Amino acid sequence: MFALVLAVVILPLWTTANKSYVTPTPATRSIGHMSALLREYSDRNMSLKLEAFYPTGFDEELIKSLHWGNDRKHVFLVIVKVNPTTHEGDVGLVIFPKYLLSPYHFKAEHRAPFPAGRFGFLSHPVTPDVSFFDSSFAPYLTTQHLVAFTTFPPNPLVWHLERAETAATAERPFGVSLLPARPTVPKNTILEHKAHFATWDALARHTFFSAEAIITNSTLRIHVPLFGSVWPIRYWATGSVLLTSDSGRVEVNIGVGFMSSLISLSSGLPIELIVVPHTVKLNAVTSDTTWFQLNPPGPDPGPSYRVYLLGRGLDMNFSKHATVDICAYPEESLDYRYHLSMAHTEALRMTTKADQHDINEESYYHIAARIATSIFALSEMGRTTEYFLLDEIVDVQYQLKFLNYILMRIGAGAHPNTISGTSDLIFADPSQLHDELSLLFGQVKPANVDYFISYDEARDQLKTAYALSRGQDHVNALSLARRVIMSIYKGLLVKQNLNATERQALFFASMILLNFREGLENSSRVLDGRTTLLLMTSMCTAAHATQAALNIQEGLAYLNPSKHMFTIPNVYSPCMGSLRTDLTEEIHVMNLLSAIPTRPGLNEVLHTQLDESEIFDAAFKTMMIFTTWTAKDLHILHTHVPEVFTCQDAAARNGEYVLILPAVQGHSYVITRNKPQRGLVYSLADVDVYNPISVVYLSKDTCVSEHGVIETVALPHPDNLKECLYCGSVFLRYLTTGAIMDIIIIDSKDTERQLAAMGNSTIPPFNPDMHGDDSKAVLLFPNGTVVTLLGFERRQAIRMSGQYLGASLGGAFLAVVGFGIIGWMLCGNSRLREYNKIPLT
């Protein structure tokens, strides 16, 4: 329990002879008493010894009774932590200026004037303001700052931080600006008062709206910094953002010329980044306030802003270099795209360390600070230029949702179900924009649902749908996402790479179909997710993985954050949405290394900046991005392939699989190198014993294990059949070394014909002539049957004459037998009573 007592310290000297105790008068409520002796007093600290303890408290009358003359400059607050059984404990001391005892009311206009000039500031928008009887003062009476711990590093000499080289200068007061430059409002344009769109054209062109709401609707608020370590701040509030999970929290408050970003992590100490105009000074609450006021830690003020960084994370979580970097963020640029570009870069690099959670802590703080600063930069840019753009609002909303998920899941190690984010920005109303978007999607005529628009338009529509989604996606948005993924899948069957627009469209389509939080009981959404995972895994062939990794390496090698924006959607790959975890195996890393010379610019950069071992390490980390993104997201796995977790099976949870292939509902193929504990198990022959491949067919209802026999037959040729005989089956190509190369779902009759064409196939994985003798293939049927793919029987053209009549009848008989065999494999091959026949639907 805690007890609080206020007494007066007579300065400059306290002696035993002139001790003064304050006793409640009869007029005041009886609150008990405490006696304390001041044993030592020095220029640096005070020490108190507890001689007696009784329950105590304080009220307004008692506090007012302490209001002495002007010669008494300070009062002290005694905070006692006492064991309720032994009445023994520790005593702490906090010094408060005496003027706090007199309520002081902040004088300000109810409405702030619009700033004068392009980058004008309001007159003193951020002002230190405190009153002992103000509700915001309560945190200072309950804080542990200076009692149980100190929020700042113990040595004030280290509070002054150097200004980073990237911080703003007098010649460059607003930092860098990316290309293309921010559009300006055309002459004679009448600006809307708020962001909205009534047609899809609003996404294709620049739509401007006024920033006047940021001034007319701003409210005066009080902010109490971290642990009450700095006196309260009044500011004109223009918005807030809250990102939370079970292991991390980022709270951002934005105002006119003001930002507070409180970043906390369950495994680390919290920090707070505060930005004020360069003319504003904040005062820290320290034990030295008797003699002089200290500014909180931070660099010298810049040409526009002053930055402070609070928290013991200053000297415990970070290196000095990292601390200086974070303090520079708000002054590096007022272009929000710059900060988001840096956040994406850090997030991508963080995924290469996803198996080493203790290393992600610093990345977590950096990304969180970048996210907060991007909101501040957009708010300030809009305020000072007096306008915003609709695409800026959509862009920021999608970035908040996506980066929050990556930040919390990979940076903080949070459970995905606990991740949430809310934004309340005065210059945009996501709820209103969501309703307008729903109306637009609702105007799509059913006859046009299957019509596929350009990838540019699809990307813009899906990006907006993802950004403004509130847990429920419009049925036509889901339909568009499905069509985009299927179209890209068909294209990747005959090529190895995607252009930037296709990658962006694929990113937003997959995010919509895979990452939903509401309606988990909706079987159609789960089916969408299973189909998406299967298609993404099928697109992630060995050849595509190599090209996608080269795209990422080029994106990072050529990264110039002062010119162009870098985002993860720009380098997105189906491998990042696949369920493959094997791409860090040596053969895939070596394939990437051998392909680097095919891109001369990248090859030159890598060999100029890195030695051979560093190049190999960079290649390995690039491939690790693919294995980390979706394949290790337990939320996605639990939602869409729950059968791999039944029967207390921890293999998937521990990542003990090479890949997962969803089959019919409730069943999946799992490929592993470990000994399976359940399921129908097939061991691929002629594979290196040190790198075995086991194909396991899992059912949600079966916990037993049984060995299956791989069929070795020539399959019937499907050319003369209208129906798709092999649709739903999966083609798997592997090497005798045990490496998995390609996984392709047979999705249509055209794909089936390409599979049967063998040496004439235009789909490279299907063509055996394009691979060596060490390449093998099997076909995985949806009912759990596995067949070695040797070839397809062709029925020859037969002349209808008596000489060949017998041969014709014999051929027909063989065809019937062949189709009977394949039908048995598709629907009737159940080796265990626990594995029932599964309809091919």
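Yeah, the Cβs are placed from backbone N, Cα and C, and that goes for glycine too.
Look at Swiss-Prot and you will find 1-17 tagged as signal peptide, backed by sequence analysis.
Annotation source Swiss-Prot lists N-linked glycosylation site at N18 (among others), citing sequence analysis.
Marked as topological domain 'Virion surface' by Swiss-Prot: 18-802.
Residues annotated as N-linked glycosylation site in Swiss-Prot, with sequence analysis given as evidence: N45 (among others).
Cβ neighbours within 10 Å of N217 (N-linked glycosylation site), excluding its own Cβ and spanning all shown chains: 12. According to Swiss-Prot, the N-linked glycosylation site annotation covers N217 (among others), on the basis of sequence analysis.
Per Swiss-Prot, region 'Interaction with gL' is recorded for 246-309. Per-residue pLDDT, averaged across the region 'Interaction with gL' (246-309), gives 86.
The annotation N-linked glycosylation site is assigned in Swiss-Prot to N317 (among others).
Cβ neighbour count for N499 (N-linked glycosylation site) (all protein chains, 10 Å cutoff from its Cβ): 9. Feature annotation from Swiss-Prot assigns N-linked glycosylation site to N499 (among others).
Sequence annotations record features per position, and here Swiss-Prot assigns N-linked glycosylation site to N522 (among others). DSSP gives N522 (N-linked glycosylation site) a coil state; it is part of no helix or strand. Residues near N522 (N-linked glycosylation site) in space but far in sequence (CB under 8 A, at least 6 apart, same chain): none are found.
The local packing around N760 (N-linked glycosylation site), expressed as other Cβ atoms within 10 Å of its Cβ over all shown chains, amounts to 10. In the three-state DSSP assignment, the secondary structure recorded for N760 (N-linked glycosylation site) is helix. Annotated N-linked glycosylation site per Swiss-Prot: N760 (among others), in sequence order, evidence recorded as sequence analysis.
Residues or ranges marked as N-linked glycosylation site in Swiss-Prot (evidence: sequence analysis): N783 (among others). Cβ neighbour count for N783 (N-linked glycosylation site): 24 (other Cβ atoms within 10 Å of its Cβ, all protein chains included).
Per Swiss-Prot, the feature transmembrane segment maps to 803-823; the stated evidence is sequence analysis.
N499 (N-linked glycosylation site) sits 43 Å from N217 (N-linked glycosylation site), taking the CA atoms of both as reference points.
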